[in-house]
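The next block holds one structure in the form of structure tokens; read it before the comments.
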Amino acid sequence: MPNEKSQISLTKKRIFLVKIQVMIYFLCIVAVIFGAYYFGNDFVIKFQFFKIYFLFFILISFCKTFYFDNIIQSKNHMFILFLNLLSLCYLYIIDENIVNISFFLLSIFLFLFTTYLMYKFLKSISKKALFKSFLYINFSVIFMFILHVALLYDKYSIKTKEPELWIVLVWIIIYTILPLSFLLSIPLNLISEYRYFKKELNKNSNKLLN
């Protein structure tokens, strides 16, 4: 009985944290709209959107550290999260001066490694269902990697009058799917987590009644 009550209390706290993340996401949307209006055309050139998004991405990710049962689990999650954000820092804080193949490959390796660590961690605490939500929030990362392929090509390729067909297709993907991935990745993550925690809450409530 006490165990069910504590689990219900913890799950309610998790649902509350999801709601806080929803508010942060709406603030992110407002900040991006304001940034687009304030910076005008220069906003796109300087990639300010990615920096604003990444800041709110960090805040939302940090909230997830408080989902867990004890301080040890929270610390383990925070360590993996730190490595994950470190791998993404190069992608989102775009600077033409540091766009190079070495940083790009290191970022890919670190991202894949932290994804594996997150899977092992969630599996070890019987929360493997949350791994799907972790993939959702990182959905836009795939297209950020594609963006960097285009930036690397632009930096190292020999300039010709007509760009190659594949690079034209890459830029089409970037300008169409990338904004959509930013718009949907966090909501998909939060919906997935909310449903999971709501299911847990109902299960523990039924146990308490029985």
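Backbone N, Cα and C define each Cβ position, glycine as well.
Residues or ranges marked as transmembrane segment in TrEMBL: 20-39 (among others).
Taking Cβ pairs closer than 8 Å, the transmembrane segment (45-67) reaches residues 13-14, 17, 20-21, 24-25, 27-28, 31-32, 35-36, 39, 74, 77-78, 81, 84-85, 88-89, 91-94, 130, 137, 144, 182, 186 in its own chain, all 6 or more past its ends. As annotated by TrEMBL, transmembrane segment applies to 45-67 (among others).
Marked as transmembrane segment by TrEMBL: 79-95 (among others).
The annotation transmembrane segment is assigned in TrEMBL to 101-122 (among others).
Look at TrEMBL and you will find 134-153 (among others) tagged as transmembrane segment.
Outside the transmembrane segment (165-191) by six or more residues, the chain places 18, 21-22, 25, 28, 53, 57, 60, 133-134, 136-140, 142-144, 146-147, 149-150, 153 with a CB less than 8 A from a CB of the stretch. Taken from TrEMBL, the feature transmembrane segment applies to 165-191 (among others).
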